[in-house]
Amino acid sequence: MPNASSWSASSPLLLLWEDSSGTRIFLSLLYAVLAISGTLSNVMVIYLVFSFKKLQTTSNAFIVNGCAADLSVCALWMPQEAVLGLLPPNSSSLRSAEYRLLRGGLLSLGLTVSLASHLLVAFNRYVLITKLPSVYQALYQRRHTGCMIGLSWALALLLVPLLPGLWTPGSAQQSPPRQTDGSSRYTALLLALAVLGQTALLLHCYLGIVRRVRGSAKRVSVLNFHLLHQLPFPAAPPPPRRAQRRLSSVSVLLLCCVFLLGTQPLVWVSLLGFFLRPAPPALQAASWLLLCSLSALNPLLYTWRSEEFRRAARSVLPRGEGPAA
């Protein structure tokens with residue numbers, strides 16, 4: 001059996017052999033809550049977009065793409081982790097290399113497409129606000145939008161064979177520990193650099209939107225686009241111009257803060273492990289948990305300020321038109 005350092009260095013998931021039964025039960029319950037809430041929220045967003053024509057926009061196509069990817073994490077991967085956390089540490093399921101690769105493939109596929117969808121949504125809104133309408137219409141034709149979504153899945157499928165090496169522990173029957181640990185360290189470095197680059201592009205897009213909205217609220221208010229309700233501030237009724245600028249800035253910054261909180265701990269834990277020494281197992285586990293929890297939060301991040309989504313949700317939820325709604 002590998003020791004604590006070798007397991008934590010090659011397996012950032014939260015099922016650690018050294019954890020006590022109480023810790024494993026707590027993590028299983030946490031996974032179960034995230035799985036149920038994330039599955040319901042992602043399915044709800046997908047259902048609303050496909051059911052209401054007003055929600056069938058280019059920006060929402062990228063949001064639905066991210067929700068479909070998040071379902072592979074919330075509906076397929078998290079329930080397995082919740083069940084496996086209740087099994088004894090010497091269970092054959094935990095030791096099966098093929099099963100670990102299957103779970104790792106589901107996680108890497110979902111997270112890669114989800115992070116790519118974040119960037120696609122940000123770039124879509126950036127072009128909508130900062131560029132001419134003709135540029136937006138030429139760039140986001142139906143065929144181009146489909147190609148962007150397809151490329152996000154193609155990229156994820158190319159990375160699936162690589163990323164599970166991050167959490168496949170070495171053993172005597174596998175390659176030597178030094179080679180396995182070295183491969184995992186370099187894969188973690190590439191993952192950290194990729195997430196850093198994606199984060200930089202996402203922040204550039206959203207901060208560009210903030211600068212444009214704060215500098216010219218009138219330009220945003222006169223845009224007669226079907227995507228206007230997808231902006232991080234409500235489209236109707238419009239508040240006064242100064243309040244509108246403040247609301248849009250706070251909403252965008254809040255979205256960016258939640259995204260940074262979910263992604264950056266893993267980035268810096270990976271960089272710390274590559275250049276200095278591996279972080280404690282609890283810190284590695286917490287950083288991965290924050291990243292995985294984004295799959296349950298993403299639907300709320302992109303729809304909580306949308307009046308169209310709220311109206312659609314009230315129309316399908318029980319007693320949606322009652323006083324409580």
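Placed from the backbone N, Cα and C atoms, the Cβ positions cover glycine too.
Noted in TrEMBL for the protein shown:
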TRANSMEM  25-50  transmembrane segment
DOMAIN    41-302  domain 'G-protein coupled receptors family 1 profile'
TRANSMEM  62-80  transmembrane segment
TRANSMEM  100-123  transmembrane segment
TRANSMEM  144-167  transmembrane segment
TRANSMEM  187-209  transmembrane segment
TRANSMEM  250-276  transmembrane segment
TRANSMEM  282-304  transmembrane segment
Ranking 25-50, 62-80, 100-123, 187-209, 250-276 by Cβ pairs under 8 Å to the transmembrane segment (282-304) puts first 250-276
For the transmembrane segment (62-80), what are the same-chain contacts with Cβ under 8 Å, counting residues 6+ beyond its ends?
-> 31-32, 34-35, 38-39, 42-43, 45-46, 49-50, 103, 106-107, 109-114, 117-118, 120-121, 124, 145, 148-149, 152, 156, 292, 294-296, 298-299, 302-303
Looking only at residues six or more beyond either end of the transmembrane segment (250-276), which have a C-beta under 8 A from one in the stretch?
-> 9, 12, 115, 118, 185-186, 188-189, 191-192, 195-196, 199, 202-203, 206-207, 209-210, 232-233, 283-284, 286-288, 290-291, 293-294, 297, 301, 305
Across the domain 'G-protein coupled receptors family 1 profile' (41-302), what does the pLDDT come to on average, as a whole number?
-> 78
